[in-house]
Amino acid sequence: MQICQTKLNFTFPNPTNPNFCKPKALQWSPPRRISLLPCRGFSSDEFPVDETFLEKFGPKDKDTEDEARRRNWIERGWAPWEEILTPEADFARKSLNEGEEVPLQSPEAIEAFKMLRPSYRKKKIKEMGITEDEWYAKQFEIRGDKPPPLETSWAGPMVLRQIPPRDWPPRGWEVDRKELEFIREAHKLMAERVWLEDLDKDLRVGEDATVDKMCLERFKVFLKQYKEWVEDNKDRLEEESYKLDQDFYPGRRKRGKDYEDGMYELPFYYPGMVCEGTVTTLHLYQGAFVDIGGVHEGWVPIKGNDWFWIRHFIKVGMHVIVEITAKRDPYRFRFPLELRFVHPNIDHMIFNKFDFPPIFHRDGDTNPDEIRRDCGRPPEPRKDPGSKPEEEGLLSDHPYVDKLWQIHVAEQMILGDYEANPAKYEGKKLSELSDDEDFDEQKDIEYGEAYYKKTKLPKVILKTSVKELDLEAALTERQHHNKLMMEAKARGEGYKIDKLRRNIEMDEYDFLHWRRSLEEREALLRDISSRQALGLPLEEPGRYKPGSFFGKDQYDPTSALYQYDYWGEPKNSEISKQERMKDAHNKSIVGKGNVWYDMSYDDAIKQTIEKRKEGSTLASQEEETESEEEEEDDDDFDDFDYSILSDESSIGYSEQQPLVNGTQVLTD
């Protein structure tokens, strides 16, 4: 499409110039006066930035970019200690404080802009006298302050004894009682200190007093029982590992090619045991993993900024001495063995502690409180409901009563059909009836719709298998009642069935449930009185908190404010709909509901008819006046519909009411 007929000569930058991306000062050529035909277009919003604009709208923070970044890193709890940036990211960092559409000011930003060109980077690498690979390797060097070497000081020589674990044997494993008693005597000898000088002296002389305190014989008996347990459970543990852990990662059980004979299982270790190991993995957010000769690697919790100094002392492949601080369930916790470094000792460098050891969430975990108690974690605070269970009413509705009622109705329906159509059941026994279709318990409820007195209502179909019914007993019961009814009719008396067999069974279930609820109430009252007498808390500490603990405007699923929108719960029930229609009808007749007592119903009808006639004549007169005004003066305000400002009696039925949130709102 040709917009301008006048030919114009525009000059464009030369694309063959390789330095066209280099920022230069803006050069303005003298304006040329060109006569143009009037054309409709859009002017550019980009104007050169002057100094006053930068003073008004420029960044007013006194902190430099590096200081602001450092403060942000400290507040977040983690910082990139040595940033490894690409040339593009480095230029973006150093040009943040530069203005837009203006030449670069700082020499760092100008140098970073030059480094965007590969030719300039190669030139700088050549000037430094290194290869390109060496230059890239230099970007990954640690450029921060390096601390002095860490020296672990000892109070004296340390003697380690081989002590059997206190939790031996594992659950479900039976051992010889006398051997177990002999093994557990080692725990009594732990209170006696073994000095290195006494041990050397006894070994030279040939005495066994100090050597017996080392519990070597008891530990050998434990090793014998431990090896028997490994032989019987090794294959089972490996199968469970493949079933629960699809992929291997540090801290989990080694299996397949990684497993070697002689690796120690978890029952071999106990908290407080000191081991030698090798660092295998370092993880920024989890910590260090140490191989101590077992099927599980030990986990040293380290995270975040603590690695800034620790990384200089703990490296992959170094030999360390560690102490086991905790042994946990491998099926619930991710890392069963928790360690601490003894040599080199870095306890004084760890500040960011894990709140809780990481755990697994399995498919069968449905109760979060049970998981929390399993892991030894405190309860999650929740709002105090304010209800007292000891003051609530007793329960008397057994949950199985609904199923019994469903079975009872199905039995009576089949018996009714049996009496109405005896030919259909001729030659058949009720106990031998079978389902017409394959019964599926997952699909025993069907939802649909049905009409009742010209009203469409939701319908629920409950399917029951014939195998669950006791039709023979129900038929015998009905025949007995029919016999009694015939006898009473012959005597000229009436007969009324009090309760059927299934009704009596339902009452028994309800009474059983009520009795159980009563016993639970009595047990709860005894527990409350005992806790109050001993000064113990009535609830789990930290489980419930007052409403002020959570602040204001917290989500409450029980409040209608969070179930619907801001307008509240819409009233779409049948009763409220009839009330709205009645109010709208009254308004259409009288106009206001408070004038019913001023006149009779007939007078009100006549008055509304007259008002409607007057309204129609006024409307025709207004149309004539509007047409005349439009001819005289074309004004936008003439299109306004003044009929909406008429009397309230013009408001008709519920169809004319305004809709708010899907609900018809009545206006007074």
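Glycine residues also receive a Cβ, built from the backbone N, Cα and C atoms like all the rest.
Not measured: the values here are computed from a predicted model.
In Swiss-Prot, the annotation phosphoserine falls on Ser434, out of Ser241, Ser434, Ser548. Note on the compositional bias 'Basic and acidic residues' (362-391): residues 332-333, 356, 521, 524-525, 528, 540, 542-547, 549-550, 554, 556 of its chain, located 6 or more positions outside it, place their CB under 8 angstroms from a CB of the stretch.
In this structure, Ser434 (phosphoserine) belongs to neither helix nor strand by DSSP; it is coil. Counting every protein chain shown, 8 other Cβ atoms lie within 10 Å of the Cβ of Ser434 (phosphoserine).
Restricting the average to the domain 'S1 motif' (272-340) gives a pLDDT of 94. Break the domain 'S1 motif' (272-340) down by DSSP state and the numbers are 7 helix, 34 strand, 28 coil.
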